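Participant: Right, I'll just put the structure down here and ask away after.
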């Protein structure tokens, strides 16, 4: 275990870094800064981060089969053309809730974009509860709502056999599983597979490795934990030099590197002076496992 290395690769002080996705074609890491209102791309070759500004809180980014990207922007699913810096709305949800925004999103193995909403926070993790819902954007740009009464819709991923959908509603302090139908995109039979311990704090973004184990970033917990969804046991804890770890993904040439996003929102000067890398992007190597490449949106 001593071979695990953690490096801050982009110390940009993002307000809420989120939704890391490896873009194999570009050989770069995509991610967003929600309150900073930008979509970012970090290249391991140039070691530079580029950013495209957008006109609202942008909470997730995904690859698109036809090229470029799709994003969740405010309460819209939208398309982003990187070179042109052009954003086009695909569709909108929660129109009756002007105080809502999307949060985390990810594309399923069939190319559907799953993403959930939440009320805007008054301060980090403080918000009007039960205002969010979980949605799917299909390739024909139709939208299905799975359920509502969500607090903070967060981490999501699918089992290696595509029969289980994993999901986090942060304020439940729980990682849940659903039966998942790959043909239809329907989910059902919700159950808890892991309850977070006090020092792990709030479950945020999540990804899966090629052994079928889940990795969950713990907001305010300063760590990423590895869970066995079958046994409900925690297998490993990787501590980071910042408290507000928000999400994680695997990337790099063979998907053996883990990238972790973090936030600096809600931290005062004294706290930031103790954690100068808050809001940075971290690369973890030496975990000894690999991740699953992201699926592109089919629409």
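Every residue, even glycine, has its Cβ placed from backbone N, Cα and C.
Remember, predicted model here, so these are calculated numbers, not experimental data.
Taken from TrEMBL, the feature active site, proton donor/acceptor covers 204. Here TrEMBL flags 18, 154, 204 as divalent metal cation binding site. Annotation source TrEMBL lists substrate binding site at 101, 103, 121. Taken from TrEMBL, the feature domain 'SMP-30/Gluconolactonase/LRE-like region' covers 16-264.
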Participant: Can you give me the residues near the recorded substrate site, meaning same chain, not 101, 103, 121 themselves, Cβ no more than 8 Å from the center of the site's Cβ atoms?
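Facilitator: Checked against the 8 Å cutoff, the neighbours are 34, 57, 59, 100, 102, 117, 118, 119, 120, 127, 152.
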Participant: Roughly how many Å lie between the Cα atoms of residue 103 (substrate binding site) and residue 18 (divalent metal cation binding site), rounded to a whole value?
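Facilitator: Cα of residue 103 (substrate binding site) to Cα of residue 18 (divalent metal cation binding site) measures 9 Å after rounding.
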Participant: How does the model score the domain 'SMP-30/Gluconolactonase/LRE-like region' (16-264) in terms of mean pLDDT?
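Facilitator: Averaged over the domain 'SMP-30/Gluconolactonase/LRE-like region' (16-264), the predicted model reaches a pLDDT of 97.
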Participant: At a 10 Å cut-off from the C-beta of residue 154 (divalent metal cation binding site), count the other C-beta atoms across all protein chains.
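Facilitator: A 10 Å sphere around the Cβ of residue 154 (divalent metal cation binding site) contains 29 other Cβ atoms.
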Participant: Looking only at C-alpha atoms, tell me how far residue 154 (divalent metal cation binding site) is from residue 101 (substrate binding site), rounded to the nearest Å.
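Facilitator: About 12 Å separates the two Cα atoms.
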Participant: Could you state the CA-to-CA distance between residue 18 (divalent metal cation binding site) and residue 121 (substrate binding site) to the nearest Å?
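Facilitator: Rounded to a whole number, the Cα-Cα distance is 16 Å.
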Participant: Indicate the candidate from 18, 101, 121, 204 with the smallest number of other Cβ atoms within 10 Å of its Cβ, considering only these recorded positions.
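Facilitator: Ranked by other Cβ atoms within 10 Å, the recorded positions 18, 101, 121, 204 bottom out at 121.
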Participant: For residue 204 (active site, proton donor/acceptor) and residue 101 (substrate binding site), what Cα-Cα distance in Å is obtained after rounding to a whole number?
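Facilitator: Residue 204 (active site, proton donor/acceptor) to residue 101 (substrate binding site), Cα-Cα distance: 16 Å.
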Participant: Starting from the Cβ centroid of 18, 154, 204, the recorded divalent metal cation site, name every other residue in that chain with its Cβ within 8 Å, sequence order please.
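Facilitator: Here the non-site neighbours turn out to be 19, 103, 104, 152, 155, 168, 170, 205, 217, 219, 246, 247.
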Participant: Let me make sure I understand the span of the substrate site: among 101, 103, 121, what is the greatest distance between any two Cα atoms, in Å?
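Facilitator: The widest Cα-Cα gap among those binding residues is 11 Å.
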